[in-house]
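Peer 1: Per TrEMBL, CoA binding site is recorded for ARG187, GLY188, GLY189, LYS190, THR305, ASN329, SER517, ARG578. Sequence annotations record features per position, and here TrEMBL assigns ATP binding site to GLY381, GLU382, PRO383, ASP405, THR406, TRP407, TRP408, GLN409, THR410, ASP494, ARG509, ARG520. Residues or ranges marked as Mg(2+) binding site in TrEMBL: VAL531, HIS533, VAL536. Summarising the annotation, TrEMBL assigns domain 'Acetyl-coenzyme A synthetase N-terminal' to 22-77. The domain 'AMP-dependent synthetase/ligase' feature in TrEMBL is assigned to 79-463. The annotation domain 'AMP-binding enzyme C-terminal' is assigned in TrEMBL to 525-603. Taken from TrEMBL, the feature N6-acetyllysine covers LYS603.
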Amino acid sequence: MNERISPPQPLVAASHANAADYEAMYRRSLSDPDGFWREQAGRIGWIREPTRIADWSFDPVDIKWFEDGVLNLCWNCVDRHLESRADQTAFLFEGDEPGEGRSISYGALYREVVRMANCLKAMGVAKGDRVTIYMPMIPEAAVAMLACARIGAVHSVVFGGFSPDAIHGRIEDAASRFVVTADGGKRGGKLVPLKANVDAALARGAEIDGVLVVRHLGCDIQWVEGRDHWYHELGETVPDECPCEPMNAEDPLFILYTSGSTGKPKGVLHTTGGYAVWTATTFHYVFDYKPGEIFWCTADVGWVTGHSYVVYGPLANGATSLIFEGVPNYPDFSRFWDVVERQRVNIFYTAPTAIRALMREGEGPVTKHDRSSLRLLGSVGEPINPEAWRWYWDVVGEQRCPVVDTWWQTETGGIMITTLPGAHDMKPGSAGRPFFGVDPQLVGPDGEVLSGAASGNLCLVGSWPGQMRSVYGDHQRFVQTYFSTYAGKYFTGDGCRRDEDGYYWITGRVDDVLNISGHRLGTAEIESALVGHAAVAEAAVVGYPHDIKGQGIYCYVTLMEGIEPTPELEKDLRAHVRTEISPIASPDLIHFTPALPKTRSGKIMRRILRKIAENDYSSLGDTSTLADPSLVDVLIDERKKK
Ligand code: PRX
């Protein structure tokens with residue numbers, strides 16, 4: 001399908017960039033990056049303006065932007081707005097129960113952030129210290145992030161759906177001595193025992209100086225005297241002023257753990273100046289944000305989308321950002337549109353998995369709510385299939401609201417490929433064109449650079465301000481993961497097609513990273529959880545197409561000698577993965593098999609396992625190098641019974 005849809009005319013006229021602007025700005029961003037980004041850096045208030053703009057190399061890998069600039073991102077997101085918009089809403093909070101929530105002005109946000117920052121200081125947090133944030137989607141989660149940025153601490157947000165083991169691993173890797181959490185959270189009416197999960201994580205052994213606990217639900221929790229502090233109690237005792245720490249542009253801002261194709265999740269490290277400029281600039285152009293508008297990104301702050309487009313991008317632009325604690329189907333499938341109607345949301349940004357799940361419920365839950373406030377729709381996290389795109393455009397946006405399909409990654413800090421609302425026609429299923437400063441290249445099987453319309457592995461040549469700078473504590477892993485496949489290029493891990501109009505169509509990961517409902521998981525992580533179970537001898541995990549989640553988790557499992565597969569064991573393995581990693585990593589299909597297909601040198605042939613999981617037996621490729629080629633028929637027979 002190569003259908004083109006033009007954005008509605010009134011929007012084009014009022015947009016921040018039209019087609020001619022885009023062409024000129026894009027060309028200049030590549031030909032004169034220093035000039036271009038010096039200007040865009042003007043969106044940020046600097047304590048000392050940078051004189052050096054781009055200074056990077058991909059071989060050896062060393063990336064710096066705005067290197068001699070000094071700034072504080074919390075000041076840019078909060079204090080800077082006090083003069084002109086102290087009474088304007090910064091965060092609109094919608095709780096898990098409809099209508100439960102509050103609105104927080106920039107003035108009130110300032111007071112909260114100062115209080116939280118002083119609480120952190122009172123616990124001993126100093127510039128450069130890592131603070132782990134494990135919170136529900138409530139304003140205090142954003143406040144904690146901003147408080148860290150204010151005092152120069154490095155936040156490491158761990159998604160509230162992760163298990164104690166996962167929290168523990170991240171605390172250890174970051175050598176974080178401080179945790180901010182809440183007594184509990186609620187999602188879809190269900191209690192999430194956040195404090196209890198932190199207690200369980202810390203019981204696995206960690207050197208912790210303090211845990212700051214936000215009282216959100218008032219539920220019963222355990223308390224460790226001397227270690228745990230109530231935010232509302234400590235907050236009473238602290239001063240009501242807290243200066244913003246002057247930060248060098250290249251000082252770390254945050255670590256965010258994300259899954260790769262091998263090993264444990266890695267700590268993606270972002271620094272202050274480049275990330276600030278990137279999120280502020282992309283937010284301005286991609287969402288075409290106008291003062292006074294209400295912006296709602298449904299992502300949790302536990303993911304990069306929440307960092308960049310619930311907190312930093314919107315607040316750096318003085319926007320009103322909606323924080324939603326709940327889920328799309330609670331109390332019913334009209335929840336998103338109920339919130340849109342009540343809060344008069346103008347710009348709405350969500351993931352294809354949510355769109356597909358809502359689409360299945362038909363138009364009724366959407367059309368019963370007034371969506372006339374909506375002006376722009378966005379999609380992020382995974383490829384959006386053209387059917388879901390159409391439904392979003394036709395039913396949700398009534399063909400009035402341009403849809404921006406934004407491709408990016410935790411590593412890129414912000415949006416990289418998208419159409420711009422006033423500049424480009426849209427093509428359902430295509431992310432669109434590169435954002436300013438983004439220079440994509442498609443690379444063929446032999447490492448050759450492909451030109452024109454082509455399909456290949458998506459690389460980026462040249463740095464952009466929002467690029468991650470390192471893997472926390474392991475720069476070599478950073479170099480190895482992203483820059484060793486193709487010398488001198490950043491390899492994204494995605495496959496992609498470029499059409500004759502220069503539009504990019506992301507086809508999905510080409511490595512062993514799964515994208516489950518827009519959540520990123522490594523097959524290696526799930527395998528390691530499975531083999532951690534006493535009954536399991538070996539496991540191989542692959543993705544397979546799933547109607548709602550985009551990809552499902554397919555696990556091939558061989559059992560220890562003498563152990564028989566049973567439905568109970570299957571249930572037990574599922575529960576085991578959920579507690580080891582998270583419910584989002586729960587296997588969709590477990591396929592018990594006597595053996596895994598291996599080459600004679602003992603390497604599992606994942607290509608074959610992927611094809612069988614996809615029910616595609618026609619193109620298994622060469623199976624003659626297998627140690628036991630007859631195993632393929634056994635696996636196919638077993639697959640057909642699933
Ligand atoms: O495969 C791409 C997919 O999500 C991956 C990045 O995942 P993560 O770091 O968790 O960040 C998700 C939110 C930015 C990418 O390598 N992806 C993300 N957005 C899109 C996408 N695939 C297709 N289209 C998108 N719009």
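Please read every residue number as a count from 1 along the shown chain.
Backbone N, Cα and C atoms are what each Cβ position is placed from, and that goes for glycine too.
In TrEMBL, annotation is done automatically, which means it is predicted and not curated.
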Peer 1: Between GLY189 (CoA binding site) and THR410 (ATP binding site), how far is it from one CA atom to the other, in Å?
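Peer 2: GLY189 (CoA binding site) and THR410 (ATP binding site) have their Cα atoms 29 Å apart.
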Peer 1: Going through the recorded positions LYS190, SER517, VAL536, LYS603 in sequence order, which have a CB under 6 Å from an atom of ligand 1?
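Peer 2: Close enough to ligand 1 is none of the recorded positions.
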Peer 1: Have a look around ARG578 (CoA binding site) and count the other CB atoms within 10 A of its CB, chains all included.
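Peer 2: ARG578 (CoA binding site): 17 neighbouring Cβ atoms within 10 Å.
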Peer 1: Would you mind listing, in sequence order, the residues at least six apart from THR410 (ATP binding site) in the same chain with a Cβ closer than 8 Å to its Cβ?
Peer 2: LEU256, THR258, VAL268, TRP303, VAL304, MET468, ARG520
Peer 1: Have a look around ARG187 (CoA binding site) and count the other CB atoms within 10 A of its CB, chains all included.
Peer 2: 17
Peer 1: Express the predicted model's confidence over the domain 'AMP-dependent synthetase/ligase' (79-463) as a mean pLDDT, rounded to an integer.
Peer 2: 97
Peer 1: Tell me which of the binding-site residues LYS190, ARG509 sits in the most Cβ-dense spot, judged by other Cβ atoms within 10 Å.
Peer 2: ARG509
Peer 1: Quick check on the binding-site residues: of VAL531, VAL536, whose CB has the lowest count of neighbouring CB atoms inside 10 Å?
Peer 2: VAL531
Peer 1: List only the single closest residue to LYS603 (N6-acetyllysine), chosen from the binding-site residues GLY188, THR406, HIS533 by CA-CA distance.
Peer 2: HIS533
Peer 1: What are the sequence-distant neighbours of TRP408 (ATP binding site), meaning same chain, six or more residues apart, C-beta distance under 8 angstroms?
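Peer 2: Residues satisfying the criterion: VAL380, GLY414, ILE415, MET416, ILE417.
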Peer 1: Give me the long-range Cβ neighbours of ASN329 (CoA binding site): same chain, 6+ apart, Cβ under 8 Å, in sequence order.
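Peer 2: Counting only residues 6 or more apart in sequence, the Cβ neighbours of ASN329 (CoA binding site) under 8 Å are GLY188, ARG335, ALA357, LEU358.
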Peer 1: Determine, from DSSP, whether VAL531 (Mg(2+) binding site) sits in helix, strand or coil.
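Peer 2: Where VAL531 (Mg(2+) binding site) sits, the three-state DSSP reduction gives helix.
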Peer 1: Could you check which of the binding-site residues PRO383, THR406, HIS533 is the closest Cα neighbour of ARG578 (CoA binding site)?
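Peer 2: So, spelling it out, the nearest of the binding-site residues is HIS533.
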